[in-house]
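Enquirer: Following this message is one structure expressed as structure tokens.
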Ligand code: 6R9
């Protein structure tokens with residue numbers, strides 16, 4: 001299969017020896033096992049990695065394809081698997097989470113602590129009338145309370161939907177409404193980079209926008225003690241509702257197919273989709289990928305820098321490491337506070353052995369280190385590290401090499417993990433004790449994942465030729481549906497083009513002609529990847545045109561950016577004459593703030609360009625390919641003869 005001789009970085013002995021998957025023959029054996037008996041392979045792992053209340057008798061049900069079911073007649077509880085199971089195994093006093101606040105205070109939380117806090121909150125939620133199957137929105141900072149909120153929902157069979165703390169009131173409202181949430185868990189404020197930022201006030205605003213009548217209560221974790229408004233009868237303090245609750249709570253035993261969570265993500269249309277995940281299959285993949293991709297051993301200190309508002313924070317903070325009884329670092333703050341050495345200092349202080357972050361963070365820390373010796377990683381002792389990981393976007397070879405050399409000291413494999421909100425966990429990734437690495441490639445499928453590159457008709461393309469990334473067989477942790485919109489689920493992921501047979505990832509890929517290694521070539525739909533965050537171009541366009549006083553028309557494209565991977569570039573036609581100079585600057589600022597309010601700061605366009613019109617074909621289609629060239633600052637080489645008004649190209653040359 002793979003040809004180790006072309007790989008620049010073979011798995012080092014120091015990691016390979018004693019790894020759970022040690023050497024390529026071990027990897028290939030697992031792949032062969034899955035090929036020989038697909039359902040049998042996943043059933044074996046499901047028995048090994050998950051503790052079942054009632055064992056499943058049937059592995060995969062394809063009768064309602066593409067609505068696949070895994071282990072459906074098995075029952076379990078995810079929180080029981082993450083917490084009670086560890087305590088029962090004698091790990092009650094083991095530190096589950098080392099928590100560090102924005103301002104550097106460190107606290108340690110054992111498995112027994114987490115279990116007791118989860119049980120208390122589970123009881124409190126039940127006391128508020130939250131039942132199995134109800135949806136609960138979590139709008140929380142990075143905190144023990146945030147993780148406990150997720151675990152408590154899992155414990156009572158409520159389906160959580162975590163909304164990233166950077167989303168605006170409008171976005172939060174849309175998600176609460178779509179999910180029909182009965183309760184919101186939030187904090188008074190969050191603290192990031194030395195600043196207090198509102199959370200509760202945004203929940204208040206979201207609920208006041210209307211459409212959220214399903215919400216009965218708001219439970220508030222007091223993080224900063226900042227001033228907040230209080231709605232008697234609706235709002236409750238977390239410490240009040242949990243104080244008198246017992247610290248044990250019987251788990252709700254649910255079917256493996258019971259929805260553990262919804263997580264909203266961007267797609268090709270203006271409306272974010274609520275990706276629905278299962279309990280059994282999801283937990284299985286969270287556990288097995290945490291174990292094999294990160295080679296997580298009992299004495300490792302694992303640190304995933306993601307936020308619980310994204311899928312990475314679900315699978316590799318809230319569930320995977322806990323399901324294995326691991327010890328992890330959880331961080332409230334940001335990588336550049338008090339300075340850009342923060343990550344390196346924390347690795348040193350907590351003796352982190354496995355570090356998982358995003359290319360955008362690495363790129364910005366490279367810049368910072370190059371500009372300031374004091375925050376260069378060489379100033380820190382990083383010798384505790386043995387494995388590094390990357391996620392969220394392609395990692396460019398230069399950043400890979402720097403990460404490998406300056407953070408990993410040349411001795412730590414980098415697992416470049418490709419996956420998506422929809423896949424639940426890693427689907428294409430190296431295994432650190434086995435896979436020889438090539439910078440810029442996510443290498444080979446996780447054992448059991450049938451990833452392939454095909455053409456528009458669903459036919460395999462030869463290695464060395466680019467195409468569309470698909471997964472040919474259902475897998476346990478896959479998306480089950482889009483909440484409330486099964487038709488959209490089918491159309492987005494199992495389109496007719498492939499006769500509804502293959503899962504369509506939405507990314508392009510190419511396999512190396514010799515090794516078969518996968519390289520992801522980027523999204524093939526209208527989704528941008530800004531600092532590892534997914535943003536739909538249509539979502540941003542809708543937000544812009546919602547400014548009905550100012551904006552007549554808008555088109556949004558991405559352009560490459562050295563730090564954020566892609567940057568958002570908006571082309572705007574105003575309802576007034578095209579502005580220039582200071583007026584253009586002021587309007588650009590107003591529009592950025594507007595988008596920040598409509599969606600959240602992560603969606604603010606970096607460049608705004610004003611035209612009297614947008615470049616369109618004579619049939620009225622916006623010429624997006626041309627806009628992408630303009631956004632990049634390239635000379636326009638495309639045929640512009642079909643353009644209705646070629647003169648506007650000059651106007652669009654100036655970005656504000
Ligand atoms: C986990 C996560 C998914 C999209 C995905 C792809 C991009 C993620 C990547 C990668 C290249 C990697 N992506 N990991 N591209 N190499 N290792 O990021 O989920 O937020 O849903 O984004 O991110 O484009 O389709 P999500």
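Heads up, the Cβ atoms here are built off N, Cα and C, so glycines get one too.
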Enquirer: Looking at TrEMBL, 392, 393, 394, 416, 417, 418, 419, 420, 421, 507, 523 are annotated for ATP. Which of 379, 534 sits in that same site?
Expert: 534
Enquirer: Could you list the residues of the same chain, at least six apart in sequence, whose Cβ is under 8 A from the Cβ of residue 194 (CoA binding site)?
Expert: 102, 103, 337, 338
Enquirer: Check each residue in the chain of residue 394 (ATP binding site) that is at least six apart in sequence and keep those whose C-beta is under 8 Å from its C-beta; list them in sequence order.
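Expert: Expected: 359, 440, 519, 520, 522, 565.
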Enquirer: In Å, rounded, how far does the Cα of residue 545 (Mg(2+) binding site) sit from the Cα of residue 621 (N6-acetyllysine)?
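Expert: Cα to Cα, residue 545 (Mg(2+) binding site) and residue 621 (N6-acetyllysine) are separated by 17 Å.
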Enquirer: Work out how many Å separate residue 419 (ATP binding site) and residue 312 (CoA binding site) at their Cα atoms, rounded off.
Expert: 9
Enquirer: Check the Cα-Cα distances from residue 195 (CoA binding site) to the recorded positions 417, 523, 547, 551, 621 and tell me which is shortest.
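Expert: For residue 195 (CoA binding site), the spatially nearest of the recorded positions is 547.
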Enquirer: Could you measure between residue 523 (ATP binding site) and residue 192 (CoA binding site) for me? Cα positions, answer in whole angstrom.
Expert: 31
Enquirer: Which one is closest to residue 421 (ATP binding site) in space, judged by CA to CA distance, out of the binding-site residues 192, 547, 551?
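Expert: Ranked by Cα distance from residue 421 (ATP binding site), first place goes to 192.
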Enquirer: I'd like to verify something. Among the binding-site residues 195, 419, 551, which ones have a C-beta closer than 6 angstroms to some atom of ligand 1?
Expert: 419
